[in-house]
Amino acid sequence: MEFQLFSPYTIKDVTLKNRIIMSPMCMYSSENEDGQVTNFHLVHYGTRAAGQVGLVMIEATAVLPEGRISNKDLGIWDDNLIEGLHKTTTFIHNNGAKAAIQLAHAGRKAELETDAFAPSAIPFNDRMKIPVEMNKQQIKETVSAFQKAALRSKRAGVDVIELHGAHGYLINEFLSPLSNKRIDEYGGSPENRYRFLREIIDAVNEVWNGPLFVRISANDYHPDGLTVQDYVQYTGWMKEQGVDLIDCSSGAVVPAHIDVYPGYQVQYAKHIKEHVNIATGAVGLITTGSQAEQILNNNEADLIFIGRELLRNPYFPRIAANELGFELKEPYQYRRAPGKIKTNK
């Protein structure tokens, strides 16, 4: 029997062996605080690849040192960081998966001893520092940093690049009227608030012709914030610029209460897919193979991003295959142990 979850998916010239994506999740494990990959990262990502994930996405990787969430984040702001990332993508490829990287700038949510930077001098909450409002030169330099990071990603051997435009980090801060109070060409109207991301996408496209994803927060969960309908407009512009897939998350641009339940963000992937006619990824409390298969069968998304469930079990694809009754081909090293994986569920 055929299952969509385990069917190939092609984006441009990259074919994923299945629809299961390892969602980018910060590990805060660059122990020397220099942005470098460590042995932990090789094991962490290589294990998920061996577990038969179709696309392993490296966590939010800072395009500038001041763009880290913490001082133990991975970085891609210098050429000396390429080698470790290349080792990581090689590990991923050698274990049968494609490799992606999420390029990021934390903006006002950077928790470092140095200044944080944002579109406006508004802190995320009363616990965090007031950020420095970026001037136009700093905006230009940050756009350039994303472009250089994309070029380094290419040299590091990634197959897919994702821009982190969600969860209240810098790109998201420019998009949302809750965090962007500028009165110049980067603030005010939706077109102006989109300008920063537009310039980043244009800059990345100059050096990268592979698949390009953007992660969005499709709902600010605030009466004066953005909704999924606002993102229909934004993602329409992204599509015009050549973005291939929208990774649909939500929230975290301002403190908010969010009611979570299994698949609570799938509605956003479905809405964007239907109204913009662009490929989408569903993410958020997707924990079983049958749930993931139903999302695909209902045409609510094209890819399934799995986060915490892959932290709980790096062999989630095997568990999902067992549940669905699909015979998943194991790595040749493990073929002496065929059959179902037993679980406590």
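Using the three backbone atoms N, Cα and C, a Cβ is placed for every residue, glycine included.
Swiss-Prot annotations:
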- Ser23, Pro24, Met25, Cys26, Ala60, Gln102, Arg215, Gly307, Arg308: FMN binding site (BINDING)
- Tyr28, His164, Gly165, Ala166, His167: substrate binding site (BINDING)
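Feature map: annotations from Swiss-Prot on the structure.
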residue : record                 : CB count, 10 Å
Ser23   : FMN binding site       : 24
Met25   : FMN binding site       : 15
Tyr28   : substrate binding site : 13
Ala60   : FMN binding site       : 26
His164  : substrate binding site : 26
Gly165  : substrate binding site : 29
Ala166  : substrate binding site : 26
His167  : substrate binding site : 20
Arg215  : FMN binding site       : 28
Arg308  : FMN binding site       : 12
Ala60 (FMN binding site) versus Gly165 (substrate binding site) - Cα distance in angstrom: 11
His164 (substrate binding site) to Arg215 (FMN binding site) - Cα separation in whole Å: 5
Distance [Cα-Cα, Å, rounded] between Ser23 (FMN binding site) and His167 (substrate binding site): 14
Binding-site residues clustered about Arg215 (FMN binding site) [Cα within 10 Å; pool: Tyr28, Ala166, His167]: Ala166, His167
Whole-number Å value of the largest CA-CA distance among Ser23, Pro24, Met25, Cys26, Ala60, Gln102, Arg215, Gly307, Arg308, listed as FMN-binding: 17
Largest separation between Cα atoms (Å) of residues that the record links to substrate, namely Tyr28, His164, Gly165, Ala166, His167: 20
Inter-residue Cα distance where the pair is Tyr28 (substrate binding site) and Ala60 (FMN binding site), in Å: 10
Inter-residue Cα distance where the pair is Ala166 (substrate binding site) and Arg308 (FMN binding site), in Å: 18
Conformational class of His167 (substrate binding site) under the three-state DSSP mapping: coil
